[in-house]
Every structure is written in structure tokens, then in C-alpha cells.
């Protein structure tokens with residue numbers, strides 16, 4: 001890979017991403033690698049890509065596509081790199097044999113992102129036999145081992161002392177907090193007991209008052225109900241009597257109205273008859289006028305004929321005949337005129353009689369109408385008085401209903417007060433349950449405090465033992481970051497890419513490659529970073545202790 005003053009510009013996953021563009025079959029492979037949420041580094045993605053290509057049996061094909069487009073690979077590799085030389089094609093040809101294998105590889109983000117550990121083969125190397133200074137070397141190694149063991153034990157004990165001190169301080173703090181909470185809980189329990197007593201007293205007083213008020217109100221309601229029933233019976237009787245009177249008056253009124261209707265009908269009939277009589281008289285008068293006109297015409301004709309008879313002698317016979325005929329006609333018309341005059345006289349007499357009868361009827365019906373109007377006025381007055389009485393009774397009834405509603409409201413209030421009493425009783429029971437729970441918590445806290453006291457006594461004894469051991473031993477100093485500029489083992493300068501790392505055993509500062517080992521120490525239960533020298537010494541010590 002190409003490098004700059006900061007470090008490597010790109011990882012080997014960069015050229016693998018080009019396969020997606022060059023070979024469309026690799027799109028699913030690239031998308032599946034990018035969709036893995038556990039992968040965080042480009043190295044891990046590249047390893048996952050290689051494993052998936054192996055499972056597809058197309059690793060050699062994908063790499064061959066990359067080798068065919070070396071122009072694109074020049075961005076990632078130096079011109080002398082393996083992928084840019086002919087040996088890369090040979091390597092890809094050798095990878096074709098992997099297609100025979102059916103691979104099912106595991107894809108875990110933590111395993112793929114982590115760096116490969118350096119295997120220390122120094123334990124498996126055999127030492128060259130030395131004849132001269134074997135005993136001296138063995139003694140030196142034994143002394144060194146003892147020294148390292150004592151230093152490690154001292155450091156472990158100092159760490160244990162620090163941890164125990166922090167634990168003791170935390171335990172003392174928790175103890176103080178628990179004591180404060182216990183005192184507060186006791187005060188709260190006392191206050192709750194006092195409140196409970198007060199509530200019980202108030203509850204008893206309130207119960208007595210409510211019972212008394214309920215009894216008094218029940219008696220009052222009974223008395224009011226009795227009075228209401230009595231009043232209602234009297235009112236019902238009065239109402240029934242008035243209702244019967246109204247019915248009778250209505251019946252009388254209906255009869256009077258029927259009589260009035262009959263009288264008015266008779267009156268209208270008389271008026272119609274009078275109108276017919278007037279019409280007949282008018283018609284007869286018109287007929288008499290017509291007959292008189294005819295008589296006048298006849299007379300005029302007779303005069304004309306008489307003149308003609310005198311003037312024309314030749315027409316005398318005709319005139320005589322005409323006169324005779326006219327005389328016959330006149331003879332016939334005279335009795336009819338007489339009969340008409342008699343009829344006129346009779347009609348005038350009937351008219352006078354009808355007028356007299358009409359006047360008599362008017363006088364009779366006028367008295368009856370006046371009497372009926374007076375009766376109607378009296379009935380209206382009685383009706384108005386009865387309506388007033390009914391209004392008064394309705395007002396009294398409404399007042400009684402309002403009083404009943406007030407009493408019902410009072411009963412509802414009493415029921416709500418009783419419900420509140422039951423709620424207060426339930427709250428008292430809840431408070432008693434909370435009191436019991438607090439007492440249980442207090443007992444448990446007291447037990448915990450006793451156990452903490454035992455632990456404290458034991459830890460104090462251990463502290464004293466540790467202090468005695470610590471007086472005879474000396475601990476290693478933890479080297480500060482500002483004091484170290486080079487790695488203690490490889491003597492390389494630290495930079496942005498080469499970071500500082502403390503060895504948890506000796507306390508010195510190393511680079512990542514010189515301290516890429518992890519072991520579980522007595523002061524640290526989990527595996528921690530250790531330098532190469534401490535790693536070999538600790539492994540030798542473990543093997544020596546095991547033997």
C-alpha cells in the first residue's frame with residue numbers, strides 16, 4: 001500500500017471495492033459486507049469480503065479481474081508491489097485450487113476488526129548448552145525471579161490496599177447515608193404515627209357528628225314527608241272537587257252554546273224566509289207593473305184601431321173583428337188582474353204577519369241571549385277564581401318539590417361524606433401497611449449495618465496485615481506520559497501514528513508493537529496490556545510455579 005507522512009492512505013479494502021464496478025456479480029457481496037453492523041474498520045470489511053468470496057468460490061476470478069485492470073490498482077499499490085508484478089498472476093492462479101473446498105466461515109465484527117496477535121516462539125526455542133557458567137546463570141535467574149516476584153507482590157498488595165481504602169471509604173459513606181436515612185425514616189414513622197392518631201381522633205369525631213346529623217336529618221325528613229303526605233291528600237281532594245265542578249260547568253256551557261247555536265240557526269232561517277218573501281213581493285210588483293204597461297198599450301191600440309175604423313170604412317169589418325177579439329182578450333185579462341191584486345193583498349198581509357213574528361222572536365231571543373251572556377260572565381269569573389286557586393296550589397306543590405330536592409341533595413352530601421369516610425379508612429389501612437413496610441426496611445437496614453460492621457472489622461484487620469507487609473516491600477513507580485519520548489524496548493520516537501502504552505506490570509511506556517500482549521495479573525482480574533519482557537518473565541514464573 002502507498003504511504004504518506006501521516007501513514008497508509010488506504011486499506012486493502014479499497015481495491016476490493018473496485019471489483020463491484022468491474023464485475024457485476026460482486027454487487028451482492030459488497031452490499032452484504034457493508035450491511036454488517038458489527039464491522040467498524042476497513043480491515044474488518046476486507047477480511048469479511050475475502051471470506052465471502054471464498055464461500056462463493058470466486059476469489060480467484062475476482063482477483064484476476066483486478067489484475068487485468070492494473071491501471072486502477074496504481075492508486076493503491078507501489079509499482080514493485082506483489083499485485084503489480086507477474087508473481088501476482090501466479091498467486092491468483094494458485095488460488096484457483098481453493099474453489100474445490102466448500103468453505104463456511106464465521107463473520108464476527110470483533111474478530112475481524114481486531115489485529116492479529118504476535119505469537120511468541122521464544123518459549124519453544126532451546127537454549128544452547130553452556131558448560132562453564134550454568135550455575136551462575138541459574139543463580140542470577142533465581143535472584144531475578146525472586147526480585148520480580150517480590151516487586152509484583154508489592155505492587156499487587158499496594159493495588160489491593162488502594163482498592164480496599166476506596167471500598168472502606170465508600171462503605172463508610174454508604175453507612176453514613178444509611179444512618180441518615182434510618183434517622184429520617186424513624187422521624188417519618190413517628191410523624192406518621194402522630195398523624196395517624198390525629199386522623200383516628202378526627203375520624204371518630206367526624207363519625208359521631210355525621211351519625212348525629214344523619215339521625216337528626218332522618219327524623220326531619222320523616223316529619224316533612226308525613227306533613228307533605230297530609231298536605232298532598234288535602235290538595236288531591238280539593239283538586240278532585242274543583243275538577244268535578246269544572247266538568248259540570250263545562251257541560252252547562254256546552255248546552256248553552258248548543259241552545260245559542262239553535263237560536264242563531266232559527267234566526268238565520270227567519271232572515272232567509274223574510275228575504276224570500278221580499279223577493280216574491282218584488283217579483284209580483286214587477287208583474288203588476290208589466291200588466292199595467294200592457295193595459296196601457298192595449299188602450300193605445302184600441303184608440304189607434306178606433307181611429308183607423310173611423311178613417312177606413314173598407315176595413316170596418318176587420319176592425320170589428322179585431323175589436324171583438326180584443327174585447328174577448330180584455331174579458332180574459334180582467335179576472336187575471338183581479339186575481340193578481342188579491343194575491344198582492346194576501347202577500348202584503350203575510351209580510352206584515354212575518355214582520356210581527358220576527359219582532360216577537362227578536363224580543364224573546366234577546367232576553368235569552370242577555371241571560372246566557374250573564375251566565376257566561378259568571379262562569380268566566382268562577383273560572384278565573386278557580387285558575388287562581390290552581391296557580392296557588394301549583395306554587396305550593398313546586399315549593400314542596402324544591403324542599404324535597406334540597407333534602408335529596410342533603411342526603412347525597414351525607415352519602416359522599418360516608419364515601420369519604422370509607423376512603424379515609426382505606427388510606428389509614430394503606431398508611432399502616434406503609435408503616436409495616438418501613439419497619440421491615442428498618443430491620444433489614446439494621447441487619448445490613450451489622451453485616452457491614454463485620455465486614456469493616458475484617459477489612460481493618462486485612463489493612464493492618466497489608467500495612468505490615470507493605471513496610472517490608474517497595475513498589476514500582478508509574479512512569480508519566482511527559483517523561484517518555486521513546487519506546488523503552490525499540491527506542492523509536494512516539495508520534496501521532498505511534499502512540500504510548502503503559503505496561504500494567506512494570507509501569508514503563510512502550511509502543512503498540514512492543515506491548516501487544518495481554519495477561520491476567522493478581523491486581524487485575526481481567527487480561528491487561530503487558531510488555532514483551534514482562535510477558536516472558538511472567539510466563540517463565542508461571543511455568544516455574546507449576547513445576
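Numbering starts at 1 and runs along the chain as it is shown here.
Keep in mind that glycine also has a Cβ here, set from the backbone N, Cα and C atoms.
According to TrEMBL, the feature coiled coil maps to residues 161-209, out of the candidate ranges 161-209, 210-258, 259-307. Mean predicted confidence for the coiled coil (161-209): the pLDDT average there is 84.
Per DSSP, the secondary structure of the domain 'RUN' (1-110) breaks down as 70 helix, 2 strand, 38 coil.
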